[in-house]
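**Student:** Before we start, here is the structure in question, set down as structure tokens.
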Amino acid sequence: MSSPIRILLSALLVGLALPVSAQDIFAEVRDDRGEVVQIAQQPQRVASLGVFGADMMLALGKSAVGTTTYNGQLPAYLGARPDTMADLGIEPQPNLERLTELQPDLIIGIRRYTEPWADSFAPIAPYIAYDMLTEADSTRAVSSVAVALGAVGTGEKLNAEFEQMKAQMAEQAPGGVSAVFVWLWQDTLYAYYDHVMPASFFSPLKVRNTMGSNPTPELPENFGGPVSYEDILAQDPDVLIVFRAEGNAYPDHPALRRLRAVREGRAWHVGYQYSQPAGPVARKIILQEMAHLLYPDVFADPALPDQVRAEPLRFEN
Amino acid sequence: MTPDDPKQRLILPFFLLTLLLILVCAVLTLTQGRFATGLADLPTALLDRAEVTDTGFAVRQLRLPRAVMAVLAGAALGVAGALMQAITRNPLADPGLTGVTAGAAFAVVLGFTLLGVSQAGLLVLGTVGGALSGALTFALAAQRGFNPAHLILAGVAVAAFCLSGINVLLLLGATSMNSAWFWLVGGLANRTWQDVGHLWPMVLPVLVLVWLTSRRLDLLLLDDDTSRGIGLHAGRWRLIFGLCSVVLTAGCVATCGPIGFIGLLAPHVARMGLGGAVSHRLLIPASALAGAAILSVADALAASRLIFPTEIPTGIPAILIGAGMFLLLFRNGLRVGR
């Protein structure tokens, strides 16, 4: 038998030996659970458990069919309305009935919240989950989800653009600034270590995070810790970035008013996107805004809608 | 108790010892923190009325209110516990038994997560929430003539309702679970003079009122028929003392979060320190001092960073101390009543 005929026959035999389902697979991705997830067809109806999936769809010029919310509130930066994007409840306990009704063909979730529900998602649609705490997590998730959505190469492109923007900012950032990123709950301050987004953006911007690094690096999910007002007063950062959930009261503690950042008008209350910064849109606008808040003379104020942009920290009285 | 009674000899040492413990803890609280403050610096810092230095500010605005809160809240919880143990005739009763702790915590969480209430508003809301829960418990118990068993059952039901409400609010609310958990364990860190100003008007008058009427507590330990025979309206006094416990506890939870074990433990420590069963005339101030001392020690430990590298909520060492001392008390045999 001549060589070309032999090759042709071999190829035919290999083709016949492949299972039908393998031929039908549209994409195959490995998520942060270590699961290899096969997606049969290009997803058209993506359900986002956590904001990342919706953010990723926005980056691709599309829209998720539903997302989890904070008490019914959609993140303003997504520009979504409740009538266009269904409310799927809260991240730790998504509304499975609503999720089923939506008939999604892909479910994207934050691993630490949604993994316990993986078995419940299986009959509804393929489910992929990511850690989304650090910049490396974000990079990995963007690449992987882009493949799952059929935008092969787009994930790498988004990541490369972000890295390029970060590198340019790093060149321009003069340094010599200290800052801290805190959550405020009642009178408890909770500050982020520097391995977790968005506090991790301090490093490329040559900013010293006064909270420092994770004392237990073997536990990357140890993303922050409570700080006393005396601690924060001793740290006295140049810039204070505060995430205060929408609808919660403004702070009213004498130690906060004494901080240099507050006295000099460099304490900021930032928007919802800072609570889930892993998406390609969120991380970009956060980095641009943080650069401006940290170095207002060097970086221009990014053009953001009013509901999204940071506001000077206000006090109750 | 006669002057020759051996218990008489224990009164002064117990009161002096607890006062000394409170004082030592207060000094520790005033000198611990990120701004180094030696004993010698303390008078200068305390007298720095303009709060020019950060040390002066930290001592006067952060540490001193904290030490005062430990005494006020500890005393309030200690007395609230003694009241609950007397009116229910149950040595394991604590102020949370009326549902007031869970009710106050529910109100604070509701105010923060959904209503966006200010810090000052939360203090009021927490107190009102606790008082309403306590009132609901007593209203339920009133249907059975304030029978102690029914009071406990009603309190358990109200507390369970409020606790499930807290869980729902935390799941629904736009909040960081870690920070919420920090508050729900109970603590004195970051308390201000505003908190002291909210708590003392509730605590001091009630403590005085309870002490002045404390002989009725002794009589409540008798069965209801005997009490009635000597002219005491047991149901009415149970309600009055129960409401006093509710006010004391609601104020504490609104300002410090739900700190456990103090109310349960302090009356037993007082009895142990005083050598056994004593009149409530003695037990009430002794429970107040014991509660203040236990909470002061727990808070000094929480702030010291001896247990963990970071400061922990006061509620954690309070529970550790409480559990350890309770085991000790169990070994010696718990005493109910006086």
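Including glycine, each Cβ sits where the backbone N, Cα and C put it.
Note that TrEMBL annotation is computational and uncurated.
Take a look at what TrEMBL says about it:
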| type | residues | note |
| --- | --- | --- |
| TRANSMEM | B:64-84 | transmembrane segment |
| TRANSMEM | B:96-115 | transmembrane segment |
| TRANSMEM | B:121-142 | transmembrane segment |
| TRANSMEM | B:149-174 | transmembrane segment |
| TRANSMEM | B:199-218 | transmembrane segment |
| TRANSMEM | B:239-262 | transmembrane segment |
| TRANSMEM | B:282-303 | transmembrane segment |
| TRANSMEM | B:315-334 | transmembrane segment |
**Student:** Using a Cβ distance cut-off of under 8 Å, indicate which of B:64-84, B:121-142, B:199-218, B:282-303, B:315-334 has the most pairs with the transmembrane segment (B:239-262).
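**Tutor:** That would be B:121-142.
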**Student:** Could you give the residue numbers and ranges of same-chain residues that sit at least 6 residues beyond the transmembrane segment (B:64-84) on either side and whose C-beta is under 8 angstroms from one of its C-beta atoms?
**Tutor:** 22, 25-26, 29-30, 46, 90, 93-95, 97-98, 188-189, 191-193, 195-196, 199-200, 202-203, 206-207, 210, 217, 241-242, 244-245, 248-249, 251-252, 255-256, 259, 262-267, 270, 280, 283-284, 287-296, 299, 303, 314
**Student:** Are there three or more C-beta pairs under 8 angstroms joining the transmembrane segment (B:315-334) and the transmembrane segment (B:96-115), sequence spacing 6 or more?
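**Tutor:** In this chain the transmembrane segment (B:96-115) does not contact the transmembrane segment (B:315-334) - fewer than 3 Cβ pairs sit under 8 Å.
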**Student:** Near the transmembrane segment (B:121-142), which residues from the same chain, at least 6 beyond its ends, have a CB less than 8 A from one of its CBs?
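**Tutor:** For the transmembrane segment (B:121-142), the far contacts come to 98-108, 110-112, 115, 150-151, 154-155, 157-159, 162, 194-195, 198, 202, 235, 239, 242-243, 245-247, 249-251, 253-255.
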**Student:** Using Cβ atoms and a strict cutoff of less than 8 Å, what residues sit near the transmembrane segment (B:282-303) while being 6 or more residues removed from its termini?
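**Tutor:** Distant contacts of the transmembrane segment (B:282-303): 11, 14-15, 18-19, 21-22, 25-26, 28-29, 32-33, 66-67, 70-79, 81-82, 187-189, 207, 210-211, 214, 217, 259, 262-263, 265-267, 269-271, 273-274, 311-314, 316-318, 320-322, 325, 338.
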